[in-house]
């Protein structure tokens with residue numbers, strides 16, 4: 001079984017076209033790409049509503065609505081003229097085999113990073129971030145984590161494959177440094193003694209964006225950063241199509257402004273996860289995810305253009 005694919009060898013979940021109508025490249029390791037997009041159609045680790053395996057397809061589908069804008073507002077340049085971005089399709093694995101997915105995703109990421117590429121990944125449920133962190137830590141060493149979510153995902157329930165345990169496991173494996181990591185938008189129960197800085201949704205909504213970004217920069221410092229965005233960080237009014245929605249979240253406007261504010265960080269890997277299109281309304285969740293992913297690429301392009 002191949003590692004990467006498209007709708008003809010993985011017809012349940014993938015697309016024939018790339019994110020933002022970018023070129024598809026199923027051999028990205030030898031390409032001249034700066035950033036490689038990988039879909040991870042996996043939702044076996046979810047504790048809420050299933051369907052996140054269809055997230056990558058939904059994000060790609062709605063991203064066609066974003067492809068027409070060249071000098072994107074408010075950046076006033078075209079990201080595609082500064083970054084070489086390709087979409088390598090979806091990870092292909094035996095559906096029902098969480099271990100195979102994890103091992104194949106980590107191996108794929110390690111191969112890309114060794115070839116000098118950077119990764120933007122689409123989940124799938126949030127568990128997919130753990131094998132990505134393992135690969136990135138092998139390449140970059142211990143990292144800071146900037147994590148947007150309604151949940152901290154630091155729960156120790158003893159389950160090997162669970163979308164609520166990754167950031168309990170990752171510090172224990174030495175992948176991330178919680179003392180240089182920040183979790184944004186949290187509005188569920190969390191452990192206050194694990195080293196992470198938690199900026200709950202209430203204070204994120206009440207404080208100024210510049211104030212929050214200044215604090216994030218101070219916490220992270222100059223460490224390599226992994227950026228992960230669980231779409232349930234947004235209020236369900238803006239992102240109903242997700243497995244574990246929680247009211248009282250961020251607006252899409254505030255989330256975009258916060259992501260733009262991360263431009264000066266040393267971001268080495270990124271993902272957007274937990275889009276479950278079966279529960280979406282008029283594709284607004286997928287559109288929010290696609291827009292946030294595009295903004296992530298724009299902050300990389302902005303740095304390259306400086």
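Note: Cβ is positioned from N, Cα and C throughout, glycine not excepted.
Look at Swiss-Prot and you will find 126, 149, 151, 153, 230, 232 tagged as Mn(2+) binding site. Residue 153 (Mn(2+) binding site) falls outside any helix or strand according to DSSP and counts as coil.
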Residue 149 (Mn(2+) binding site) CB neighbourhood, other CB atoms within 10 A: 26
Local Cβ density at residue 230 (Mn(2+) binding site) - other Cβ atoms counted within 10 Å: 28
Other CB atoms within 10 A, centred on residue 232 (Mn(2+) binding site): 30
Other CB atoms within 10 A, centred on residue 153 (Mn(2+) binding site): 26
